[in-house]
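As recorded in Swiss-Prot:
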- 76, 78, 80, 82, 87: Ca(2+) binding site (BINDING)
- 32-41: compositional bias 'Low complexity' (COMPBIAS)
- 490-499: compositional bias 'Low complexity' (COMPBIAS)
- 515-532: compositional bias 'Basic and acidic residues' (COMPBIAS)
- 608-620: compositional bias 'Low complexity' (COMPBIAS)
- 655-666: compositional bias 'Acidic residues' (COMPBIAS)
- 475-483: region 'Contributes to fast Ca(2+)-dependent inactivation of CRAC channels' (REGION)
- 642-645: motif 'Microtubule tip localization signal' (MOTIF)
- 1-22: signal peptide (SIGNAL)
């Protein structure tokens with residue numbers, strides 16, 4: 001306890017001693033400063049009255065002027081009474097700690113490079129801060145100096161803008177005693193802010209605070225809106241580009257498809273040419289076979305004429321007649337099924353010329369579509385190049401190039417679709433025309449040859465046919481694979497199959513008279529129906545009529561004497577299909593007759609042919625349904641009663657003809673017959 005008391009006494013004594021020394025030192029300073037201060041105050045007052053005489057009697061203004069003078073002294077290092085540019089720059093950098101004092105330097109000097117005390121005072125008086133009210137000073141203290149805790153002190157002292165220079169100088173009495181600022185950092189901060197305000201005017205933050213806030217908000221809104229707009233435009237441009245790329249890919253696929261169709265078209269044309277060559281070879285082969293059949297018929301004719309067996313000749317003639325009838329029946333059916341009308345040769349050339357002219361217009365339309373496709377491709381490539389640049393996406397998004405390219409692509413695609421549809425319709429139409437006319441139209445010698453063949457003025461045709469350039473195609477033509485089939489290529493398999501069938505089918509033998517009558521009635525019905533649709537070619541019908549008009553319908557001796565295979569062969573037309581069927585049947589019938597002649601050599605050479613004819617038509621025939629003609633017995637009696645065989649044969653032949661006519665008119669009275677006209681007897685004019 002004693003130790004603590006002693007320590008407290010020693011501390012108290014030391015404090016009192018230190019306080020006494022400081023008081024004595026301050027008293028001495030006051031005495032010396034009072035004498036020097038009196039002289040400085042007199043000089044300051046005289047200078048202030050010289051500079052601003054109306055305000056020299058105001059104590060507050062004197063204090064403010066003295067503060068401005070002290071600020072000038074701080075800046076004037078060489079003490080020559082003027083502050084030059086270097087001195088002000090050094091003061092701003094060292095005392096005010098401005099790293100880039102360019103703006104402040106220009107504001108302080110303006111156009112005057114030397115600043116005196118008078119210039120500095122006048123600049124202070126013209127400043128906006130000089131006229132600040134108490135509220136404005138307090139606002140400056142809160143917002144700029146950021147010392148709101150001294151607001152009450154400033155309000156009590158009623159400090160206005162006139163007192164600002166006193167705050168800008170180091171004054172312990174003003175800051176410590178009057179303002180009661182105990183914190184040294186607060187005093188230094190207040191001094192620096194006040195010095196900046198006195199020298200350079202009010203701070204910009206205080207003067208334009210709300211405006212800057214508003215501009216900042218507006219800038220933020222504009223920035224956010226711009227970013228959002230850029231994002232929307234970027235997404236829209238990407239979607240548009242994707243759509244355009246899809247259209248472009250579809251256009252490429254259409255081009256490839258059109259190219260494939262063109263290749264298939266060329267391939268089909270090559271097949272057409274091959275089929276045409278095969279057809280020519282087949283016709284040549286059929287003509288050779290016809291010539292062989294003619295030679296064989298001539299040989300059989302000579303053989304039949306040289307035999308002395310009358311009965312075998314009669315039977316041979318009947319078989320020959322049956323085969324000829326069957327061959328003519330088949331030939332007529334073949335005629336009905338394969339030929340109805342033959343167009344003239346000039347029509348083929350005119351149709352070929354029409355096709356070539358249409359191809360010219362089609363090529364022009366196709367070239368226009370290709371040109372539109374090329375323009376669309378170039379536009380797409382330009383957009384791709386623009387997107388690779390820095391602002392390419394924004395430029396593409398704000399310009400109308402995307403819409404233009406999209407429109408060009410759609411236009412090109414529509415043009416390609418029209419070209420494809422025109423190609424499809426043209427192929428189908430000319431295919432049907434070829435089928436109906438029966439000759440080639442698409443494959444032709446060319447427009448120049450056709451113009452020369454038809455004796456047309458070349459100036460009527462205009463420009464020459466453009467060569468088809470690089471052919472393109474749409475997505476819709478893949479269904480045309482089966483449509484590019486030539487009519488001749490479709491007809492040639494049936495032609496070959498029919499020829500093959502005629503070469504391999506078994507030859508018909510001798511049939512019953514009932515079957516022949518039934519077949520005649522059915523073929524006549526079929527012929528009557530088909531004649532209404534397709535008329536028979538005149539040359540083939542005329543040849544068949546001439547061949548059949550030379551024979552009777554029941555095969556009497558008149559056929560043997562007047563009609564023979566050689567004459568029938570000569571009267572038949574040159575059609576390979578019809579003539580081949582006829583001569584194959586004829587050849588087969590003649591072979592059978594020849595074999596029968598060899599099997600029956602016992603018949604006497606002078607035998608009456610009436611016996612053979614009556615035997616072939618008598619009830620003892622192998623077919624029980626064969627009708628017996630009325631004139632058979634008459635022929636037998638006539639042959640027995642007469643001594644001249646030729647007269648008896650002629651008489652029996654006439655009676656047999658009458659009997660056959662009566663049989664055809666009287667048999668089957670309940671059924672209506674439609675006999676073929678080639679089996680009718682020729683009318684005598």
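Each residue's number is its place along the chain shown, starting with 1.
Positions of Cβ are set from backbone N, Cα and C atoms, glycine also.
Every protein chain considered, the tally of other Cβ atoms within 10 Å of the Cβ of residue 87 (Ca(2+) binding site) stands at 18. It is 78, among the binding-site residues 76, 78, 82, whose Cβ has the fewest other Cβ atoms within 10 Å in the structure shown. In the three-state DSSP assignment, the secondary structure recorded for residue 78 (Ca(2+) binding site) is coil. For the recorded Ca(2+) site, residues 76, 78, 80, 82, 87 set the reference point as the centre of their Cβ atoms, and the other residues of that chain within 8 Å of it by Cβ are 75, 77, 79, 81, 83, 84.
In this chain, none of the residues that are 6 or more apart from residue 80 (Ca(2+) binding site) has a CB less than 8 Å from its CB. Regional average pLDDT for the motif 'Microtubule tip localization signal' (642-645) in the model is 39.
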